[in-house]
């Protein structure tokens with residue numbers, strides 16, 4: 001029986017009145033008959049008949065799910081073809097597939113990180129390399145520069161694949177975290193040859209230098225752009241200032257501002273706003289007000305972003321009356337407050353346990369016509385948490401779900417932080433399990449770090465390792481601080497074999513152990529008379545320190 005006849009019989013057997021009420025039954029019948037349909041698809045096609053001819057609904061359904069020119073001869077292959085076409089036509093399916101492939105690759109790399117070469121293991125992962133997939137993997141490997149470099153070099157050997165500016169930048173970010181700056185500049189030379197260099201690459205390198213407390217090198221990187229044929233503009237100048245300020249180099253940023261604004265760049269409102277934020281982060285309200293006056297003297301009037309930064313600075317310094325005075329000044333100047341400013345006030349007042357005022361600001365934001373966004377709701381959750389009104393915090397989370405604006409992993413991280421601070425370990429673990437099951441709230445490396453630290457602090461290393469293993473199974477890679485927390489706890493519990501295992505795992509990932517961590521482990525080993533292991537670890541550290549990454 002061909003598909004057309006089969007569909008006709010289905011229609012005859014399906015109640016037609018009322019049509020809408022019978023649709024669910026009709027749909028169920030079709031689903032149950034899917035196997036039969038798959039088996040008969042090929043029959044009509046073999047006889048060169050158009051599938052479902054004469055039945056427009058089925059013709060439309062078929063045309064959306066099956067290629068009109070299948071290249072396979074059996075039902076199983078046809079079904080695979082349908083699945084692949086659905087993925088290629090569905091952006092969400094593509095995204096899900098890319099995320100899954102990236103997770104599988106990271107798991108493989110992580111499990112086999114101790115091997116000298118991971119290429120043979122990667123060869124067993126049969127996925128098609130794409131620019132999107134490679135960037136996704138490299139971002140997931142941002143805490144492991146060694147594995148990121150291995151994957152990067154393996155990917156470029158795959159047939160038909162070529163690296164993009166984005167993949168180079170993602171690798172540079174990972175290598176910058178382990179301070180492999182010589183290797184980074186080799187990559188810059190490669191990018192120049194391939195004409196992939198952009199000013200964003202130099203901004204990334206400057207930021208990694210600044211994070212490594214190398215402000216001089218960060219500034220020199222900015223100057224090097226000209227050598228590579230890239231002309232710096234005021235927007236690039238602002239990015240340098242922002243990099244320095246965010247790394248707590250406000251004084252140096254001010255010096256750069258004073259020098260370059262006289263010779264090369266005319267500062268704009270963003271230049272001044274970045275400096276204001278830098279001084280605000282350092283809670284230096286004297287310099288903050290000085291820059292603010294200078295900006296106004298130059299004829300630059302503050303905008304909503306400027307006011308937001310000024311208000312945030314005063315909240316951080318717990319000068320709430322001055323913060324509200326700035327808020328009033330902003331409104332008097334017909335500058336409409338943004339949701340971010342309301343969020344800033346809620347966070348500040350909440351952390352000071354001025355809950356009623358925080359709630360009033362939240363109500364005021366809604367009165368201004370703003371629909372609450374995830375950051376605003378998260379600020380409200382935090383305000384309740386600071387006052388240890390966890391029941392109300394959970395109600396806000398429920399409201400977020402109802403409104404379709406969250407929650408996200410940050411929402412739960414806020415709650416976890418306060419539960420742990422209040423030593424409510426069991427409840428924190430319950431919240432962690434809940435977020436692990438909730439779509440869009442998957443734990444991040446920050447979440448895992450919170451949970452591992454919690455269990456280490458209450459001497460439940462079995463649970464800390466369970467969380468660690470769950471993290472690894474998800475392809476999430478730990479950072480230096482997380483390794484340090486676990487290893488130090490293992491030393492305190494005299495679980496030295498496990499401590500050494502994770503210490504070596506950290507080095508396998510290319511993370512250089514902090515001096516204090518090595519000192520703690522070394523002393524614990526010496527107390528147990530294990531000088532041989534101390535020597536082994538010392539040699540591994542020296543090798544990591546002296547060996548430049550290859551590739």
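Cβ from N, Cα, C; glycine included.
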**Prompt:** Given the ranges 9-38, 39-68, 69-98, which one is assigned the annotation region 'Disordered' in TrEMBL?
**Reply:** 69-98
**Same-chain residues at least 6 beyond the ends of the repeat 'PPR' (479-513) whose Cβ lies under 8 Å from its Cβ atoms** = 113-114, 143-147, 178-180, 445, 448-449, 452-453, 456, 459, 461, 464-465, 468, 520-521, 524-525, 528, 530, 533, 537, 540-541, 544-545, 549
**Complete:** If one takes Cβ-Cβ under 8 Å and requires six or more residues beyond its ends, the residues near the repeat 'PPR' (444-478) are 102-107, 110-111, 140-144, 147, 409, 412-413, 416-417, 420, 425, 428-429, 432, 435-436, 485-486, 488-490, 493, 495, 498, 509
**Item:** Residues from the same chain, set at least six apart from the ends of the repeat 'PPR' (198-232), whose C-beta lies under 8 A from its own
**Value:** 165, 168-169, 172-173, 176-177, 179, 181, 184, 188, 191-192, 239-240, 243-244, 246-247, 249, 252, 256, 264
**Prompt:** DSSP says what for the repeat 'PPR' (338-372): how many helix, strand, coil residues?
**Reply:** 26 helix, 0 strand, 9 coil
